[in-house]
Amino acid sequence: MHLQQLVVSWFSLVWLASPIVAIWELEKNVYVVELDWYPNAPGEMVVLTCNTPEEDGITWTSDQSSEVLGTGKTLTIHVKEFGDAGQYTCRKGGAVLSQSLLLLHKKEDGIWSTDILKDQKEPKNKSFLKCEAKNYSGRFTCWWLTAISTDLKFSVKSSRGSTDPRGVTCGTATLSEDLGEYKKYRVECQEGSACPAAEESLPIEVVLEAVHKLKYENYTSSFFIRDIIKPDPPKNLQLNPLKNSRHVEISWEYPDTWSTPHSYFSLMFGVQVQGKNKREKKDKLFTDQISAKVTCHKDANIRVQARDRYYSSSWSEWASVSCN
């Protein structure tokens, strides 16, 4: 998120008296105040201006206080903590004239706060936002974890190399799984002009904006589609016993979601026999074909997974079939 400085002589809801104040518009009627967060920090002075041509009879209130905070067309607020944030309303004669919601974005020791999401610590520390693609179509899924269950709002924006914010469209974030201590949210994104066979020169940028009560945070991830590829598992696993042999031929098909043509977008497959005791596993066999010969014991399973043949993508989840 690029820091913006709202410097305007008249704004329908908020007018900032100082051009150096760290405040910017998140959406209509909602503003983020950026604060250095340490004991005795000076805070920020914010001047609100009521959207009315009149000068007299105006009162100001906040959802944080039952008292009248001031009178007149403008209200100066010293924002130092969350008790100073919230929704401010100007009225005249009981009628609401305008409202502004102030959120806080904390910076401690030069680092923006990351309190809302869980650090998944894979593949490295500070991995809050994770993304995967099933193919090279430009469609990908991102997800994140949070221990917070109420008063949450997420918004996701994406672009290719931050040059065209309209180039990648992301849907609405949804709760996809309740993991007990944590909630898993996900969002689907699609690059509008993706060319599966083209070499990527600029990474995709993803920005997740998170609001919990009066706290604002943002999280970013940057990647090439080729680096987040994880195919779906192979499908239609079949066993064909071989005569006079303990071996069987196992065959499978490419997942429906994988890019075509398969002659160009080829997969590598890993095949493994798993004994009745799931800890008992044979060495994995690798092949770029859609069949393999393996030894199949009673009560064992044969499982197959896939990854991009030419680029070291993540392996798919396993697909399995019983030897019985």
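The backbone N, Cα and C atoms fix where each Cβ goes, glycine too.
Per Swiss-Prot, the disulphide partner of CYS50 among CYS90, CYS131 is CYS90. Assigned with DSSP, the residues of the domain 'Fibronectin type-III' (233-324) fall into helix, strand and coil as follows: 0 helix, 43 strand, 49 coil. The candidate set comprises the glycosylation sites ASN125, ASN135. Of these, ASN135 has the most other Cβ atoms within 10 Å. When the Cα of ASN135 (N-linked glycosylation site) is compared against those of the recorded positions CYS50, CYS90, ASN218, the shortest separation belongs to ASN218.
DSSP assigns CYS90 (disulfide bond) to a strand segment in the three-state reduction.
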